[in-house]
């Protein structure tokens, strides 16, 4: 009978009901163009228009005020204002009390409005970008805007265009069905990634059957690296797809004329938008401590207000009759003393509100912004090679840099360059050395190699290359890194390869080995467009040697170079091949030389270039085939059947191909030796090859090389692969447990290997890594290295970078089960106890592998492991997964309660970076994912020493001193008002004008502490770097402790008593009015608070003088102007002309000078006697810091010879420097009773 057509809309709705909670079901919109938007099948999914603004013109005022009053500080201000509007409680005029709140709300609203306007402009620009959407009516692609795009639309993307939504790729102009994308906007990686069309599709737009297909995929999520789903056709057959067929919104299409597909996620549901969660907020340790002291200030405020309320009630009870100036209420009744005291409690809160340092939070934000500015401007943290400076991505934890106790570091790319050099290889148990590899500035001219140098550059390798132009060309060639990937072939191995054949004999294994190097990878072979691949020789020469040309005074050298190179020679070969300006070059040249390798891993690039050096050139790669040119010039094109990608569990990857000659199915595999050796076949010959190769691998690891094993498997039974392929397709089409099903099919196939050989790749240490680690350890920072490398490789690098010392007692944890692990931990703990407490165990190191680390993470063993690690100065974790890295950081952070820092450069370090208190990313060879997840980003590991030891020390000391100063300043001023209450019946009266009180914190004393927090330096950068031990004060929070807080409060209380009672005793018995009495008190208090800060400033600069003197000028100018203009602003007692009268009275100056001198005398005496009992290390360092550079260096060398035993060759514990007195690590806190 006739087959009935099923309405896909009805089928779609049935599917939607069945799995609406687990998957997303999408159908094409082309069949429903005639329907309204509300009736279309994909109507429940979000459109592609993006809105990141928070407000609209109509909702701005209400929403913004609602947001601002979610902040406790603003609620506090609002409560004060409301209390001040109640007549029985007000202390100020209501109009005066509301001004601070209005100013704060208005400034914040203006800032929020400006930010939202910028977001609106960005959204509008993005939503109006053009895109091509297919229309069934016109049967063509029509140009529309991004905002017009919806889920289910068919979209075409041209080369170099930004992809507008998450699109399932169904068609490309490439005959191989591939498309290349650049995801730099998403993850920072500039390497091209290959995407392929869903199997079975070529031109879906013109194939109406596709419009009736149902596309089922997972619900929107933020994972950029995973995507799964299937297409269900009319015949109920399913075709699975994954992330290799997904074009991500925000990425750029490259090297493909056009690509088309169906939109599966749009707008805010795309992966890029789900990843755009904004900056993470972290609260620093100092801020958490400060919040507890703010609570103490609240309790202190309530205590003062309670005293005032009780005092007012007692004062009222002292009257035998009601005074005439008491005003009754409307009923003629007088307020009782108890009720009046209750009202006075709230009046006192209004009067003494400044005690709660709400302005401190605003000042801290300004200080941190200033600190970040100076950190980013540090020339020492600028990397000239990469043209990058340090990035501060979190503005609110700069002071945490000065309190770090544990550093967790990745190895590859963090401690090392991540620029791989092919060093050694072993084929079937026979080793071939490549010791001369990696030598830069050597031009090797070999006609056999494919990556030949063009004629103009080749002359530089000849004896006549001493001419200036050739030297310049050679210099540029070297600087561009071309020689870093050159491999000098081993002569013995070359001879073997010349006699090798494709036959299945021993020589055939050599060919298989290099074929595995060439094709068992994910390297993309691209023919980059001209604007991405051409390198202008003359332009580079002019840019690089412009200084030299200028020095000559003429352009003769440049003209001679241009003549030498040739007018038409505008391009030069890259390190992957030769780029020539001739557009009509042959296909042979394109396949042979004009290749551009895009690799996400430097290891894979090094292996591909090593194979290329021996003539095995990876010429082309598509989803279905891979082409390799042999040394004889013969081209082998393998049909790619499947790729089993690398993952951290298997620690290997495989590629299944069909051999072009034998038509056999061959699987080439590479991975860690632990992931390959146990899967080998076990004939007698294989056992000997395995034994020899394992010995060579162990030697490679001891030499610090990164090792890989290569193996292959030939499927002699054809049906074996077909049966496996069916199970594989079922796993790919699955939605539930897809990853586990894929893993099961992969593990099932990867067995019965034949070992081909092994490689050793060198990853050199970055410059100054040993010195940096040594400095961190001298600073009291424990350094851990977490790496995925073999223990032998990691230990070798650890010795090279001075993480471990040959004199250390080295413990190794390598257990196969929990019982064995527990026993080993107990034995090690018993042994370390003989070395004393953890702080004295400086000669113990620990090495643990990933398998054992998984065992010690058990609840029963965690405490023992942490206890053992406390006794170790260095810990090296090998063979660890990214998840284990983050678990280690969390374990140490939570169990020991220490400040942690994680540093890494790759995507596998992201979890570790996010788990630490401070995350540092390195912009290296593995993209920018670590940088994007970090709080601070640097380009070299050596920059970490100055970031912590200098900027961290400065930021912590500056901010801690400024916070304590704020508490002191507020209490010193508030206590003046409180003291006056004892002389006015606790009536809430102030002897200082309300406007002057507002100006005091807003203008007179606001700038100096901010300047103090941004620019003060206790010690120079040179001294801090030379004496890392000075960093230890911040680790123990010595700059800001509860004792420091209370000392500051007592000092403020004493100074306020002096500032009040000396003027009081001076004017006692006189007939001056209230504001005339308050003016010298206010002035003396201003100078006391300002000069108090001046005593604490350690490094005076022009900026310090300008701000300090400027504050004094602002005080007198504003008070004089206000006193002259305020005729009736505060009746009945007005401050009109009072300041002018006081400045004409000599007693005013005498009172101010005497008051300030007496108030600051104790602090001055403490400073003068500082260090007389026991000279602290900080005080000694500050004295040395004032010496001339040569003399200072000599003193520091002498100190190091005593403090650091490695300098003088001594052993044992260090002795105190230059003094028999005990050395104190007391910080530079201005309010510590043992200040330097």
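Using the three backbone atoms N, Cα and C, a Cβ is placed for every residue, glycine included.
The C-beta environment of residue 410 (active site, 4-aspartylphosphate intermediate), restricted to residues of the same chain at least 6 apart in sequence and closer than 8 Å, consists of 785, 786, 787, 885, 903, 904, 905, 906, 908, 909, 912. The active site, 4-aspartylphosphate intermediate annotation in TrEMBL covers 410.
Over all protein chains present, the Cβ of residue 909 (Mg(2+) binding site) has 31 other Cβ atoms lying within 10 Å. Among the features that TrEMBL reports, Mg(2+) binding site is placed at 410, 412, 905, 909.
According to TrEMBL, the domain 'P-type ATPase C-terminal' annotation covers 931-1170.
According to TrEMBL, the feature region 'Disordered' maps to 1206-1236.
Long-range contacts of the transmembrane segment (69-86) within the same chain: residues 92, 94, 97-98, 100-101, 104-105, 346-347, 349-350, 353, 356, 358, 361, each at least 6 residues beyond the stretch ends and with a Cβ under 8 Å from a Cβ of the stretch. Taken from TrEMBL, the feature transmembrane segment covers 69-86 (among others).
Sequence-distant contacts of the transmembrane segment (92-110) (same chain, six or more residues past either end, CB-CB distance under 8 Å): 60-61, 64-65, 68, 74, 77-78, 80-81, 84-85, 350, 994-995, 998, 1002, 1130. Residues or ranges marked as transmembrane segment in TrEMBL: 92-110 (among others).
Sequence-distant contacts of the transmembrane segment (294-316), counting only residues of its own chain at least 6 positions beyond either end whose CB sits under 8 Å from a CB of the stretch, comprise 337-338, 340-342, 344-349, 352-353, 355-357, 967, 970-971, 974, 978, 981-982, 985-988, 1045, 1049. Among the features that TrEMBL reports, transmembrane segment is placed at 294-316 (among others).
Taken from TrEMBL, the feature transmembrane segment applies to 336-362 (among others). Within its own chain, the transmembrane segment (336-362) has Cβ neighbours under 8 Å at 73, 76-77, 80, 83-84, 86, 88-92, 97, 290, 294, 297-298, 300-301, 304-306, 308-310, 312-314, 316-317, 963, 966-967, 970-971, 973-974, 977-978, 981, 986-988, 990, 997, 1001, 1006, counting only residues six or more beyond its boundaries.
The feature transmembrane segment is assigned by TrEMBL to 963-983 (among others).
Sequence-distant contacts of the transmembrane segment (995-1015), counting only residues of its own chain at least 6 positions beyond either end whose CB sits under 8 Å from a CB of the stretch, comprise 96, 99-100, 354, 359, 363-364, 366-367, 370-371, 374, 958-959, 961-962, 965-966, 969-970, 973, 1082, 1086, 1089-1090, 1093, 1096-1097, 1099, 1101, 1103-1104, 1107-1108, 1110-1111, 1114-1115, 1118-1119, 1122, 1126, 1129-1130, 1135. According to TrEMBL, the transmembrane segment annotation covers 995-1015 (among others).
As annotated by TrEMBL, transmembrane segment applies to 1045-1065 (among others).
With a cut-off of 8 Å between Cβ atoms, the residues of this chain six or more beyond the transmembrane segment (1077-1095) that come close are 965, 968-969, 972-973, 976, 990-993, 996, 1000, 1004-1005, 1008-1009, 1012, 1055-1056, 1058-1060, 1062-1064, 1066-1067, 1108, 1111-1112, 1115, 1135, 1138-1139, 1142, 1148, 1151-1152, 1155-1156, 1159-1160, 1163-1164, 1167, 1230. The transmembrane segment annotation in TrEMBL covers 1077-1095 (among others).
Here TrEMBL flags 1102-1127 (among others) as transmembrane segment. Residues 993, 995-996, 999, 1003-1005, 1007-1008, 1011, 1015, 1083, 1086-1087, 1090, 1093-1094, 1134-1140, 1143 of the same chain, all 6+ positions outside the transmembrane segment (1102-1127), place their C-beta atoms under 8 angstroms from a C-beta of that stretch.
TrEMBL lists 1147-1166 (among others) with the feature transmembrane segment.
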Residue 412 (Mg(2+) binding site) has how many other Cβ neighbours within 10 Å of its own Cβ? 28
Who are the chain neighbours of the transmembrane segment (1147-1166) in space, where the CB to CB distance is under 8 Å and they lie at least 6 residues beyond its ends? 1051, 1054-1055, 1058-1059, 1062-1063, 1066, 1079-1080, 1083-1084, 1087-1088, 1091-1092, 1095, 1233, 1235
Surrounding residues of the transmembrane segment (963-983) on its own chain - C-beta under 8 Å, 6+ positions past either end: 286, 290, 293, 297, 300, 304, 308, 311, 348, 351-352, 354-357, 359-360, 363-364, 989-992, 1000-1001, 1005, 1009, 1012, 1040, 1044-1045, 1048-1049, 1051-1053, 1055-1057, 1059-1061, 1064, 1081-1082, 1085, 1088-1089, 1092-1093, 1096, 1229-1231
Restricting to the domain 'P-type ATPase C-terminal' (931-1170), what is the model's mean pLDDT? 90
